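Participant: Copying in the features that Swiss-Prot gives for the protein in this structure:
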BINDING   Leu12, Gln13, Gly14, Arg27, Thr90  substrate binding site
BINDING   Cys31, Cys46, Cys49  [4Fe-4S] cluster binding site
BINDING   Thr51  Mg(2+) binding site
BINDING   Gly92, Ser133, Pro134, Lys135, Gln173, Pro174, Met175, Asp176  S-adenosyl-L-methionine binding site
DOMAIN    18-210  domain 'Radical SAM core'
Amino acid sequence: MSYAVKEIFLTLQGEGAHAGRASVFCRFAGCNLWSGREADRQDATCKFCDTDFVGTDGTLGGRYASAVELADTIAAQWTASNDNRYVVLTGGEPLLQVDDALIDALHARGFEIGVETNGTIAAPDGLDWICVSPKGGSELVLRRGHELKLVYPQALAAPETFEGLAFERFSLQPMDGPEVAENTARAIDYCLRHPQWRLSVQTHKSLGIR
């Protein structure tokens with residue numbers, strides 16, 4: 001199959017359990033919860049989405065004809081030693097496109113593979129790190145993984161709803177926007193009262209990196 005990719009770039013992971021880790025980000029175009037167009041935001045399941053995943057016009061974006069071509073492009077962005085190679089497959093919703101062929105091609109190039117997903121689509125085998133970020137009002141299909149990262153607060157997505165699921169780590173991330181200070185204070189308070197949850201902040205935004 002071919003892959004529609006918005007952008008590919010090397011950066012430090014800015015949030016969640018792998019914050020601070022060198023990572024190649026591969027952002028896939030398209031999502032099943034929102035078109036990505038502002039005109040449709042009010043009809044989106046996640047109206048707070050802050051990511052541009054529309055089209056293929058970003059850095060190294062395009063339609064890749066094969067898993068090998070895409071994996072080679074990702075590998076070319078890794079400028080350090082061959083140790084600790086890490087790729088984050090994100091979106092949009094990456095599981096609309098990620099398949100066995102791409103997973104095999106990335107593993108063959110020495111990458112540990114992380115995926116950031118809204119959890120509404122079953123994940124293929126072979127992913128090394130599954131981070132699910134549930135969206136209120138959507139059906140959660142992926143009910144186990146390595147990390148559940150909840151943007152907080154969210155209507156229809158209270159943290160206690162997810163505490164019994166089979167995840168190794170639970171992260172609470174303050175919702176960005178005009179009320180970020182209040183949301184951060186609320187998230188801190190929640191984590192203090194419910195230590196199963198760890199605070200996740202978007203460090204890449206404060207550092208000015210992608």
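Positions of Cβ are set from backbone N, Cα and C atoms, glycine also.
Could you place these features in context, so I can see how deep they sit and what lies close by?
Facilitator: The Cβ of Arg27 (substrate binding site) lies under 8 Å from the Cβ of Val5, Lys6, Glu7, Ile8, Thr51, Phe53, Gly58, Thr90, Gly91, Gly92, each of these being in the same chain and 6 or more residues away along the sequence.
Reduced to three states, the DSSP call for Cys49 ([4Fe-4S] cluster binding site) is coil. The Cβ of Cys49 ([4Fe-4S] cluster binding site) lies under 8 Å from the Cβ of Cys31, Trp34, Gly36, each of these being in the same chain and 6 or more residues away along the sequence.
The number of other Cβ atoms within 10 Å of the Cβ belonging to Thr51 (Mg(2+) binding site), over all protein chains shown, comes to 14.
Close to Pro174 (S-adenosyl-L-methionine binding site) in the fold, though at least 6 residues off in sequence, lie Val151, Tyr152, Val180, Asn183, Thr184, Arg186, Ala187, Leu199, Val201, each with a CB less than 8 Å from its CB.
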Participant: If you skip the near sequence neighbours and keep only those at least six away, which residues in the chain come within under 8 angstroms of Asp176 (S-adenosyl-L-methionine binding site), Cβ to Cβ?
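Facilitator: When sequence neighbours closer than 6 are ignored, Asp176 (S-adenosyl-L-methionine binding site) has Phe48, Asp50, Asn183, Gln202, Lys205 within Cβ distance under 8 Å.
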Participant: Between the Cα atoms of Leu12 (substrate binding site) and Pro134 (S-adenosyl-L-methionine binding site), find the distance and write it as a whole number of Å.
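Facilitator: Per the Cα atoms, Leu12 (substrate binding site) and Pro134 (S-adenosyl-L-methionine binding site) stand 23 Å apart.
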Participant: Using a Cβ-Cβ cut-off under 8 angstroms and a sequence gap of six or more, which residues of the chain neighbour Met175 (S-adenosyl-L-methionine binding site)?
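Facilitator: Listed in sequence order, they are Phe48, Val151, Tyr152, Pro153, Gln154, Asn183.
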